[in-house]
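Peer 1: Copied straight from TrEMBL:
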DOMAIN    23-484  domain 'Major facilitator superfamily (MFS) profile'
TRANSMEM  21-45  transmembrane segment
TRANSMEM  57-77  transmembrane segment
TRANSMEM  89-107  transmembrane segment
TRANSMEM  119-139  transmembrane segment
TRANSMEM  151-174  transmembrane segment
TRANSMEM  180-201  transmembrane segment
TRANSMEM  208-228  transmembrane segment
TRANSMEM  240-257  transmembrane segment
TRANSMEM  278-301  transmembrane segment
TRANSMEM  313-335  transmembrane segment
TRANSMEM  342-359  transmembrane segment
TRANSMEM  458-476  transmembrane segment
Amino acid sequence: MTAIPVVRGHDPETSAGRGRWFGLAVIVLAQLLVVLDSTVLAVALPSAQQDLGFSDAGRQWVLTAYTLAFGGLLLLGGRIADRIGLKRCLALGVTGFGVVSAIGGAANSGGMLIACRAAQGMFAALLAPCTLALINVIFPDKGERGKAFGIYSGVLVAGGALGLLVGGSLTEYFSWRWCMYVNVPVTAVALLGALTVLPLLPGHHIKLDLFGGLVGCSGLVAMVYGFGHVAERGWGSGPVIGLLIASVLLLGLFTVIQSKRSSPLLPLRIVTDRNRAGAFATMVFAGIGLFGMLLFLTYQLQEVMGYSPLRTGFAFLPLLAANVSVSAMSATLLLPRVRPRYLLATGLTVAAFGLFLLTRMTPESSYWDGILPGEVVLGLGLGTVMAPCAATATNEVAKSDSGVASAFFNTSTQIGASIGTALLNTIAANATKVYQGAHPGIRAVRATVHGYVVAGRWAAGLLLMAALMAVALITAPPFRPSEDDGWTDTGAAGAPG
């Protein structure tokens, strides 16, 4: 067993015991901040739209600006984390996140709000790569790491549903602006915890590929922007085709650049490993299938069923409860005994069935028969997925690549979320338009719900595709406990702090 690094202000024996769980609490709080803000404005969006006066076409960008900036810059954030150290990078990201949240809460236009959401995504891209990597640092024992991943994965999925509840409560009793302001005290607590609890280990002297980062981010922006404009312009329009072609060329150029760099943003060895590639691909397709549906469910509950923002937030609680009830069991009982591919395939198939149940909703549906059953099944499926996917994506990564591997796992999720929000919104809008054309005089609300249903069927299909990818690509064995214990500064799973 390697020596436990002495961290200023910490006793090594305490750090090796209780200290690691205090460290996990700080990591979870930082990750909760990132995940919660991916959905906290979803419930508040109708109120913000009315207050700031942006269009229906523009509303998706309040959500997409965050996930797109987050996903597009995560690789660069991961390399910055590897260079300056995980603790410093986490502290920088948390601080910036709090500052731009305060500015966004005071936004006086839709454009300003979208810009602040993009800035939130930028700082989230600095702090998020540190979370998974720090778990690998302070939990080298695979058994304890599995428990830590269970807690982490519960936050990763349940945090999105919790964001809906928090957003609904703040919008109902205060203002949608408090969905931004609330981040300020949370970031203050996270910063204090990071500075006092987490270990400070040196970074690695690596070059930052800023040009490669610009090319890769531009490719993602072009792709999401192209999908996002299909609803307005159609698949055959010149701008849409041009943007999608540009995205393919830019992402291809990014791959070439990374293969020739001595210190690439994304070492190709990270994605050419079969198991990690399977975990990354699974998260992309799962993200595409899931995140767009949160937007549709929010508008179904508020605009169609007449729910208040607070009641909408509470309506998502069964999803949260189902996820939490299963995620810990998945990490502690199943992950050490069952191959990740089987856990992922089962969880994604169950989640797809949950989405299929949600496609039964109509304008006349009640919450109890149209929404609740699908939510519960969806939560059960998701609770099974996150821990094995996170563990597979970051297992046996060289310590110099720990930050970027963690970053690319998060990137996969956010890319899927960005594409899913834009693509499913486009599918729903087109289905609504076709339905109205085929049924003249039909009520607008019925056509709108039909669009949600069609998009939901596509989302369920994408989750099934993710399940097939997991089975085809991932061959890793169960993550059994190891004999090692304590914090370590070396080892395949280690990372600088």
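The backbone N, Cα and C atoms fix where each Cβ goes, and this holds for glycine too.
TrEMBL entries are annotated by machine, without manual review.
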Peer 1: Need a quick answer: max count of Cβ pairs under 8 Å to the transmembrane segment (458-476), which of 21-45, 119-139, 208-228, 278-301 is it?
Peer 2: 278-301
Peer 1: Among the recorded stretches 57-77, 208-228, 240-257, which has the greatest number of Cβ pairs closer than 8 Å to the transmembrane segment (21-45)?
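Peer 2: The stretch I would name here is 57-77.
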Peer 1: Between 57-77, 89-107, 119-139, 342-359, who has the most Cβ pairs under 8 Å to the transmembrane segment (180-201)?
Peer 2: 89-107
Peer 1: Under 8 Å, at least 3 Cβ pairs, sequence separation 6 or more: does that hold for the transmembrane segment (208-228) versus the transmembrane segment (57-77)?
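Peer 2: Between the transmembrane segment (208-228) and the transmembrane segment (57-77), contact is present.
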Peer 1: On the 0 to 100 scale, where does the mean pLDDT of the domain 'Major facilitator superfamily (MFS) profile' (23-484) fall?
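Peer 2: 79, rounded to a whole number.
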Peer 1: Do any residues of this chain, six or more beyond the ends of the transmembrane segment (57-77), have a C-beta under 8 angstroms from a C-beta of it, and if so which?
Peer 2: 34, 37-39, 41-42, 45, 48-49, 89, 93, 110, 113-115, 117-122, 124-129, 208-210, 213, 216-217, 220-221, 224, 228, 231-232, 265-266, 291, 295, 404, 407-408, 410-411, 413-415, 417-418, 421-422, 425
